[in-house]
Amino acid sequence: MDANVSARINLMRILLISGIVFVHVPYNPQWSPFLGNYGMLDWLRVFLGESLFRIGVPCLSAISGYLLFRRGLADFDYWKTLKTKARTVLLPFLIWSGSFFVVVYAIQRQGLGFGYLPDTINATPRQWLSMAFAVEATPVNLPLYFLRDLMLCILLSPLLALLVSRYPRVTLLALLAYAILPLPNGIFLKKSILFGFSAGIYASLHGVNIKMLDRFAAPIAAGFLAIAVVIAVGLYYTGPDFPLWLDMALRLTSIAGIIGSWAISELLVRTRFGEKLGRGSGLSFWIFCGHYPLLVLFWMIWNRTGLSYYPLFYFTAPFIAIAILVASHNLVRRLAPDLLAVLTGSRTGAKRMATQPPQGAQAGYSPQQR
């Protein structure tokens, strides 16, 4: 893999995960963006949280599928992969998700936190398993359902690779229908993750030149953003109970965002800002796992201040959360690098990327980064 692709993948990860932070900003029903109380600001909330940044989940899963099989099916060692992913995905998921459940339970035992998070005190042991580890439903650390579904994709990866290699069109069309049609989720909590992961496998196994559309990056990016704007307008005027056709269009747009976000990465990676963001990967995982507890904490504090201008909270809380997570990541990296390695699945950061070869040279990913 050349250094440009490697940097763009890291850039996409940090941008998409930062965008996902906006998706998870909490609000009360009286401050729903679909009420239009704040006019254009509410539409912007819908655009960011319900349209544009919904591309994050399928895009991130596509990256995972692509990297997992980028050396081909013949060199794929399933048992070695499971062992690696147990350390790089499963263990961090269990720690981040389980520890937040314990914190929430302890807080609610003191009579705090009710209404902000699921009721852990009166839940059954079966419900606890989902709250802590997303066994049947989303966990209390909401975004981490992605890691749970990603592990399922990894467990199914030999079967998915076999189907995608032998019957690519039928397989991808079937998974696309599963993702966008109102079908039961089955064992997955988010259906688009399976399609994104399989699309990434397809790109690897069939040798797709993922840079072939780079010369059209600007019009592709503009077209995707225009579609996201149109979808946001429809959501704003019909939400929160969207008509079925619009909900399907939203799901399809989020999947199309795989191509759109890749085009955007081509435009950004050559800028100084994009080059800097493309140097590391551990930070994005840290932000992904840690942002939701911070947002809930900020929301609890906000509701005690008596302030009523919700846009102030919406447009400041994500940036404060990201700033805290960047600072804490740097602090833990300096003071407890072994702990950081466990919490981020042994992902390397800027130090490794600082020595990456120049553009056009080959840049590999460690099993941890894949």
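Numbers run from 1 along the shown chain.
Heads up, the Cβ atoms here are built off N, Cα and C, so glycines get one too.
Features as listed in Swiss-Prot:
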REGION    350-370  region 'Disordered'
TRANSMEM  14-34  transmembrane segment
TRANSMEM  46-66  transmembrane segment
TRANSMEM  88-108  transmembrane segment
TRANSMEM  144-164  transmembrane segment
TRANSMEM  170-190  transmembrane segment
TRANSMEM  193-213  transmembrane segment
TRANSMEM  216-236  transmembrane segment
TRANSMEM  244-264  transmembrane segment
TRANSMEM  282-302  transmembrane segment
TRANSMEM  307-327  transmembrane segment
Cβ-Cβ under 8 Å with the transmembrane segment (88-108): same-chain residues at least 6 beyond its ends: 114, 117-121, 128, 131-134, 139-141, 144, 147-148, 150-151, 154, 285, 289-290, 292-293, 342-347, 367-368
Which of 14-34, 170-190, 193-213, 216-236, 244-264 contacts the transmembrane segment (307-327) most, counting Cβ pairs under 8 Å: 14-34
Sequence-remote partners of the transmembrane segment (282-302) [C-beta within less than 8 Å, at least six residues beyond its ends]: 10, 13-14, 17-18, 20-21, 24-26, 92, 96, 100, 103, 113, 116-117, 141-144, 146, 313, 317-318, 320-322, 324-326, 328-329, 333, 340, 343-345, 347-350
